[in-house]
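Novice: Structure below; questions to follow.
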Amino acid sequence: MAAQKDQQKDAEVEGLSATTLLPKLIPSGAGREWLERRRATIRPWGTFVDQQRFSRPRNVGELCQRLVRNVEYYQSNYVFVFLGLILYCVVTSPMLLVALAVFFGACYILYLRTLQSKLVLFGREVSPAHQYALAGGVSFPFFWLAGAGSAVFWVLGATLVLIGSHAAFHQIEPADGEELQMEPV
């Protein structure tokens, strides 16, 4: 607990507090904890995009080694690149924004309705899971018209290209033990 507060104080000194940067709408729970861990383990963006550290790998072995080590090292940065691409895709597609508004509006109405009373159809109580499935079914035509399927594949493709090319061409720093290893002759 004390170590966590020390890390938070260090981040606040730098002007970045993970708790203030996270939206207040995300409830405390597993999702918020995961996002806080990602935010805490993010690598400096300066080293992430340093142009002097990009070069072509010499062979396939080095390429594979770079891919594995960079994905492991910059995992949190890659998550935020992915989230940024999702945000870009949603903001630049007005129909997708409308479809998301319809879906989240229906979910919010159902949430308010369940606070007041249970929903009963044909003499049977409808569970919240079924209600949200109904909201998804109602908003499905909007997602289909907005081209949500192509947006999903665009985001996945753009993420793979960006992360794959960064991981392949970004030089890895040698680990502490690798610098001093000598091979027998």
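Glycine residues also receive a Cβ, built from the backbone N, Cα and C atoms like all the rest.
According to Swiss-Prot:
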- 30-54: region 'Required for interaction with prenylated RAB3A and VAMP2' (REGION)
- 165-185: region 'Required for interaction with GDI1' (REGION)
- 175-185: region 'Homodimerization' (REGION)
- 175-185: region 'Required for interaction with prenylated RAB3A and VAMP2' (REGION)
- 1-78: topological domain 'Cytoplasmic' (TOPO_DOM)
- 113-131: topological domain 'Cytoplasmic' (TOPO_DOM)
- 166-185: topological domain 'Cytoplasmic' (TOPO_DOM)
- 79-94: transmembrane segment (TRANSMEM)
- 95-112: transmembrane segment (TRANSMEM)
- 132-148: transmembrane segment (TRANSMEM)
- 149-165: transmembrane segment (TRANSMEM)
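Describe each of these features in terms of where it is and what it packs against.
Specialist: If you average pLDDT over the region 'Required for interaction with prenylated RAB3A and VAMP2' (30-54) in this model, you get 83.
Residues 67, 71, 78, 81-82, 85-86, 89-90, 93, 96, 143 of the same chain lie 6+ residues outside the transmembrane segment (149-165) yet bring a C-beta within less than 8 angstroms of a C-beta in it.
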Novice: Cβ under 8 Å, sequence separation of at least 6 from the ends of the transmembrane segment (132-148): give me the contacting residues as numbers and ranges.
Specialist: 93, 95-96, 98-99, 102-103, 106-107, 110, 126
Novice: Below 8 angstroms Cβ to Cβ, which residues of this chain, lying six or more residues outside the transmembrane segment (79-94), approach it?
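Specialist: That would be 38, 42, 100, 146-147, 151, 154-155, 158-159, 162-163.
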Novice: Go ahead and report the DSSP secondary structure tallies for the topological domain 'Cytoplasmic' (113-131): helix first, then strand, then coil.
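Specialist: Taking each residue of the topological domain 'Cytoplasmic' (113-131) in turn, the totals are 8 helix, 4 strand, 7 coil.
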